[in-house]
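S.K.: Quick paste of what Swiss-Prot says about this protein:
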- 1-37: region 'Disordered' (REGION)
- 7-21: compositional bias 'Basic and acidic residues' (COMPBIAS)
- 58-118: domain 'SH3' (DOMAIN)
- 241-494: domain 'Protein kinase' (DOMAIN)
- Leu247, Gly248, Ser249, Gly250, Gln251, Phe252, Gly253, Glu254, Val255, Lys269: ATP binding site (BINDING)
- Asp360: active site, proton acceptor (ACT_SITE)
- Tyr389: phosphotyrosine (MOD_RES)
Amino acid sequence: MGLVSSKKPDKEKPIKEKDKGQWSPLKVSAQDKDAPPLPPLVVFNHLTPPPPDEHLDEDKHFVVALYDYTAMNDRDLQMLKGEKLQVLKGTGDWWLARSLVTGREGYVPSNFVARVESLEMERWFFRSQGRKEAERQLLAPINKAGSFLIRESETNKGAFSLSVKDVTTQGELIKHYKIRCLDEGGYYISPRITFPSLQALVQHYSKKGDGLCQRLTLPCVRPAPQNPWAQDEWEIPRQSLRLVRKLGSGQFGEVWMGYYKNNMKVAIKTLKEGTMSPEAFLGEANVMKALQHERLVRLYAVVTKEPIYIVTEYMARGCLLDFLKTDEGSRLSLPRLIDMSAQIAEGMAYIERMNSIHRDLRAANILVSEALCCKIADFGLARIIDSEYTAQEGAKFPIKWTAPEAIHFGVFTIKADVWSFGVLLMEVVTYGRVPYPGMSNPEVIRNLERGYRMPRPDTCPPELYRGVIAECWRSRPEERPTFEFLQSVLEDFYTATERQYELQP
């Protein structure tokens, strides 16, 4: 397409041999067979099939498969990426559909398909993605310079934003550009050149940067769709699980990487016999089941016969403490570390709203995904509470992360978690250094009684130490900030010095 031409490409023109394997902004993602596929998502919520709805507007209910899907039972409809289907019943996580290729009917996960001719078919379109989450996804190591996405504007309804990954001598940055709409239809970033569609805009800036920070290269790698695992799969047979690799062990048992039905990779936590009763273990599982948030490690299912298993989502990079000590983790920039801390605060703010506590918040209990997103794990001693949770006598808890009132009186509230979060922040900014270096647990207790606090390390900005960490360590629990406040401060830590949008090229 030329600079101002609006001629549409010939859809019937075959792809030349030299083009195979290369991403093109004009290739619809669902038809792009040579693009690296996302990991398949296995889904399990098989409910009683509802009858087809005979009153659907068929013109609006044709979809294309965005991913391959392998049927899990005879009620599912197996489909291949790019396959066209007619939706017969389109509500909830599962849609009843008929393949226009095979003529077969069955259920498909709704997040595996997109309407024909919709923007959702484009690999670069992230409709409801917010600015902060767009930055997090583009900063994932798999995305290189020029990776991009287009999303709906958060502030200007009907408009869009282009987010692009830039790599400079100062490091990796995400630049945002406003995509403005013309009254008569069409779009532009710079008023000197307009485009009839977002696809045409992407095509132009994929050929040359033309004033952008980078030429657009590849769409941001999209995380696999969320798994709609439902209530009826809560208790599963042990035979459906296969333990593959031991990841670690803790107070209550071991953690393994394994597979559910030889298909979906999961983490499997086993109960160490004699550590706690099966009833207490199931209590832990029920608490985790009630707490559902994108910043919390998701609970899938349990095996209720001994040895008891609890099945959760698998986080590829393991715990944050170990990751910070790796070559990749030790090279993370301070803004990236603060953003990861903001993600943890977001998860804890949800726990706070749910009137719950964690009670063992530390870097070892934060897990990291392949895209370097953080999720809170190990709710082994968390409890739904009215106002406070009193630990049982003899319960083990990590002194260096525990608030003074919890050490001395065994009383845990969300404010004790706030204290622990301050210690966790010190772990993060020191890339996994042990808190209170050189001190034994009794020395830590005595020093805290005298008002001692860990000093600011050289790697910690004074504003972060004074405005966040020190506030978490106030002696009076009620004077400590809320996690909601901590989340907002950490998310906006660099906003005051950032330009919200790049200037028009």
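The backbone N, Cα and C atoms fix where each Cβ goes, and this holds for glycine too.
A description of the local structural setting of each listed feature is requested, covering burial, neighbours and distances.
M.R.: When DSSP labels each residue, the domain 'SH3' (58-118) comes out as 6 helix, 28 strand, 27 coil, counted as helix, strand and coil in that order.
Val255 (ATP binding site) carries a strand DSSP state (E or B). Around Val255 (ATP binding site), the same-chain residues at least 6 positions away in sequence with a Cβ under 8 Å from its Cβ are Lys246, Leu247, Gly248, Ser249, Ala267, Ile268, Lys269, Thr270.
DSSP assigns Asp360 (active site, proton acceptor) to coil, not to a helix or a strand.
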S.K.: Summarise the model confidence on the domain 'SH3' (58-118) as a single mean pLDDT, whole number.
M.R.: 84
S.K.: If you measure Gly253 (ATP binding site) to Asp360 (active site, proton acceptor) at Cα, how many Å is it?
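M.R.: Gly253 (ATP binding site) and Asp360 (active site, proton acceptor) have their Cα atoms 16 Å apart.
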S.K.: Mind giving me a neighbour count for Asp360 (active site, proton acceptor)? Other Cβ atoms within 10 Å of its Cβ, every protein chain shown.
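M.R.: Its Cβ has 23 other Cβ atoms within 10 Å.
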S.K.: Just to be sure I understand the packing, how many Cβ atoms besides its own are within 10 Å of the Cβ of Gly253 (ATP binding site)?
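M.R.: Gly253 (ATP binding site) is surrounded by 21 other Cβ atoms within 10 Å.
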